[in-house]
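Enquirer: Sharing a structure with you now.
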Amino acid sequence: MSTGMDDDEIDLLDLWRVLVAGKWIVLGVTLCCVLAGVGYAFLVTPVFQVQTYFLPPTIKDIAELNRAVDMGGDGVPLTDNSTRYTPEYVYDFFLRNLRSRDLRQSFAEKAGPLNVGELHLEKVGGKRSKDKAFYVLSCTSHDPEKAAQGVNGFVAHVMEHTRQTLIGDVLSMRNDRITFLKNSIAAKRKYGKEKREDQIARLNESLEIARALHITEDKFSGSNISSAAIYDLGVAYLRGTKALEAEIAALQNRKTDDPFIEGLRELQEQLDAVSKIAIRPDNVRVAQVDQPALVPSKPIKPKKQLIVALSGVGGLFLGFFAVFFLNFLKKAKGEGESAAA
């Protein structure tokens with residue numbers, strides 16, 4: 001047992017002597033690697049990351065949209081199935097637009113050289129985060145000022161596009177409602193005119209019968225029977241020629257049927273209210289910018305301290321390898337010479 005331990009001690013001593021003898025090689029190789037790492041760390045172009053953070057809009061931020069959807073000034077719904085906008089819906093629409101390639105391309109054409117393909121949108125805290133509303137948009141670039149300006153510009157571009165799209169949807173509903181109400185009013189007026197013409201035709205027929213029967217005075221004068229009941233019974237001619245001629249003249253000289261058309265005024269009131277719907281874009285926010293993109297003070301790449309440290313460690317191991325390899329060559333050469341002798 002002691003012989004084995006002695007052999008191990010001899011081997012370790014041999015290794016130590018080899019390292020001591022080649023210490024300058026180890027030091028030289030390590031120094032070269034460190035200098036190479038330092039050179040790389042300071043000469044490589046640094047990469048910066050700019051970030052901006054978002055939160056959903058508040059109910060107040062989208063109240064202008066819902067006010068337009070809910071009413072046209074007098075409590076008139078835009079549509080029978082109008083759906084109110086929620087902060088979650090608006091925010092999700094905004095996030096989808098942030099990912100839109102078309103919007104990135106349109107902004108790139110507008111803004112110039114910024115490579116918006118480097119933009120990344122992700123939820124803060126990872127996919128398992130409980131706060132699903134907190135998102136960050138980041139961009140890496142060699143020019144931090146340009147990147148910060150570009151990210152903020154892109155966010156403003158997407159916000160404006162999202163806002164105008166939502167406003168356009170509401171105004172489209174408004175225009176559809178206006179068209180529907182105008183058509184309904186026109187139809188009621190058309191039917192009102194036809195109804196008046198039908199009434200005149202019935203009265204003329206009753207007038208001919210009254211004349212044929214020589215009935216001039218109203219037989220129902222002083223009775224409690226309504227005009228509608230008289231017409232339903234088909235005995236309107238009993239009202240006499242005087243009353244019938246007067247009613248026919250009144251109907252023929254009527255300038256407008258509007259006061260006599262049931263439900264027309266309600267439709268006109270709705271049309272007036274819906275036509276006044278207007279949305280102020282400045283009162284609509286599709287997201288909250290919790291923090292705009294700022295110019296970073298430090299790059300994310302290269303990590304200089306890490307590079308120098310890894311260069312030193314790598315140089316040290318490379319130096320050890322060089323010393324042992326040279327020692328191996330030296331021994332091999334010595335054994336070769338001994339064998340030759």
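Residue numbers in this text run from 1 along the chain shown.
Positions of Cβ are set from backbone N, Cα and C atoms, glycine also.
According to TrEMBL, the protein has these features:
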type	residues	note
DOMAIN	8-109	domain 'Polysaccharide chain length determinant N-terminal'
TRANSMEM	20-43	transmembrane segment
DOMAIN	268-325	domain 'Tyrosine-protein kinase G-rich'
TRANSMEM	306-329	transmembrane segment
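Can you walk me through where each of these features ends up in the structure?
Expert: Counted with DSSP, the domain 'Polysaccharide chain length determinant N-terminal' (8-109) comes out as 67 helix, 9 strand, 26 coil.
Within its own chain, the transmembrane segment (306-329) has Cβ neighbours under 8 Å at 18-19, 21-22, 25-34, 36-38, 40-41, counting only residues six or more beyond its boundaries.
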Enquirer: In terms of Cβ proximity under 8 Å, which residues at least six beyond the ends of the transmembrane segment (20-43) contact it?
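Expert: Non-local partners: 302, 304, 307-308, 310-312, 314-316, 318-320, 322-323, 326-327.
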Enquirer: As a test of reading the model: what is the averaged pLDDT for the domain 'Tyrosine-protein kinase G-rich' (268-325)?
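Expert: Here the predicted model's pLDDT, averaged over the domain 'Tyrosine-protein kinase G-rich' (268-325), is 85.
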Enquirer: Do you know the DSSP helix, strand and coil residue counts for the domain 'Tyrosine-protein kinase G-rich' (268-325)?
Expert: 33 helix, 5 strand, 20 coil
